[in-house]
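S.K.: Annotation source TrEMBL lists compositional bias 'Polar residues' at 1-12. The domain 'Major facilitator superfamily (MFS) profile' annotation in TrEMBL covers 88-516. Annotation comment: TrEMBL describes 1-40 as region 'Disordered'. Annotated transmembrane segment per TrEMBL: 86-108, 128-151, 158-178, 184-205, 217-238, 244-262, 325-347, 359-383, 390-412, 424-449, 461-481, 493-512, in sequence order.
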Amino acid sequence: MSTVSSSNSSGDEPNKRPGVNSEESSHLLEATENGAKYGSRQAVKIIKTPVNDSANANDRPQDQENLLGKMVHTSTENRANTFPQYVAALAAAGGAFAAGTLLGWTSPAETEIVKDGTAYDFDVSSEQYSWVSSFMTLGAACVCIPIGFLINFIGRKWTMLLLVIPFVLGWALLIWAQSVIMMYIARFILGIAGGAFCVTAPMYTGEIAQKDIRGTLGSFFQLMITIGILFVYGIGAGLDVNKMSIVCGIIPIIFGVIFFFMPESPTYLVSKNRSESAVKSIQWLRGTEYDYRAELEELHQTDREIRQNKVNILAALARPVTIKALCISLGLMFFQQLSGINAVIFYSEAIFEDANTGISSSMSTILIGVMQVVATFVSTMVVDKLGRRILLLASGAVMALSTTAIGVYFYMKDKNAGSVENLGWLPVASLCIFMIMFSIGYGPVPWLMMGELFATDIKGFAGSIAGTTNWVLAFIVTKTFKNLNDALGSGGTFWLFAGVTVVGVIFVALAVPETKGKSLNEIQMELGGNRQPSTMQPANSEPK
């Protein structure tokens, strides 16, 4: 590190470089440190400016060099308070918890609704119940693109608060359903709320978090979904369907009360020319002692660039950087859904029964939920240390091996049931390993990266396309799984999923960039083929 200004220690007139004096040097040093931490391109650019008046630079006294050099190394770092960011991210993830309850509701409710027929005053067949389950994914698929416009119109915070209304309405219709059609409508509305959260919450978290903890905070979304699923499994073991639905309907109300006190995204506020509100938001998130100027300037600079190059949505989607980000995000969503996660969950109860573990079907689902929560929690701890790519590569490779092993078991069982009498441990172990690895990598990371890959001006719409793709694929896999199983057999179906997962590993290795520790601007530059240097050059060196 070196200085960016000099002065004469004698009584002579100070030697000055044009445009830089000793008072400015402290501001430049401060901006440089802030820029290095938060990805400010302007701060790095200042340091890279070469010194043209070499004579003055050579005349600087040595003691001034040492003094200012020491200032660079010993200046107080602009530390931000990360605790409020964790609070805001967890509050936003409360919506994911509510979404997790509606995802998990169908499993504990099935016995009482379909088999016993005691939940409602009308009968529900197995085929009708499959549509009750699937209508949630249709609702989620339909809302993802419209919610992208709403996010940019009223903001991230108020969008999530408004989603409390369809959540409560959906649960109310389900609680007091008078027909199967009413159940379809209820699940569709609930899907709208859940699908909208899957777009909005990761975007909000990605915009409020510092880059060094953004991965951890972004993983809270998937973690809270798994906790929501486990929660409804747990209460479903002790409550009837009606009481279980009432509890699930209260959760979004609690979320709304808590999230009301959270700040709006600074990125959104700057885009709406509300700089004063953006400062308050940054200081809420980083602490009042935090010097917000470098971060605010970066947000303004990004917003100016967007406004200067403002284009319509189709033109923005046609940008090479957006196309690349969209291909990566859609690819991750595709391989997430076609990894076999739905098939593994569908067969989980049969696998535990075949293994003669003595574990009931309700307890087996709870056990699976516990594994998902623990593994997703581990992912939140390591995603900013190990990185996104390594988690995706490791989880994909192990998941492919697990589904291959499960396929071998069911293939042997279909050929000769007696041949697998002593192999009950194989599918159980493979199932557990699969759920753990999915929850570490392919479960949370695609949603996390969806909030990181896109430029601000297209993030809402492009993220909505990715979310829609995910839910459409979930619907297709859920509804066609039985047909696929009839055509290929259980073993062949699992082998197909294993093959797709292997292709996914290759895709990640060749196409997915590492976003760990990078600001959102740095990610955009890398996707565009430019790598911003992370280290600062001495002022008297030539720019590289």
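Using the three backbone atoms N, Cα and C, a Cβ is placed for every residue, glycine included.
No curator has checked TrEMBL annotations; they are predicted automatically.
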S.K.: Compare 128-151, 244-262, 390-412 by their Cβ pairs under 8 Å to the transmembrane segment (461-481) and return the stretch that comes out on top.
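M.R.: The stretch with the most contacts is 128-151.
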S.K.: The transmembrane segment (128-151) and the transmembrane segment (493-512): do they have three or more Cβ pairs under 8 Å, with pairs 6 or more apart in sequence?
M.R.: no
S.K.: Do the transmembrane segment (325-347) and the transmembrane segment (390-412) come together with 3 or more C-beta pairs under 8 Å, pairs six or more apart in sequence?
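M.R.: Checked: the transmembrane segment (325-347) vs the transmembrane segment (390-412), in contact.
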S.K.: May I ask which of the stretches 86-108, 128-151, 184-205, 217-238, 424-449 has the most CB pairs under 8 A with the transmembrane segment (244-262)?
M.R.: 86-108
S.K.: Which listed range (86-108, 128-151, 158-178, 217-238) shows the maximal number of Cβ pairs under 8 Å with respect to the transmembrane segment (184-205)?
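M.R.: Ranked by Cβ pairs under 8 Å, first place goes to 128-151.
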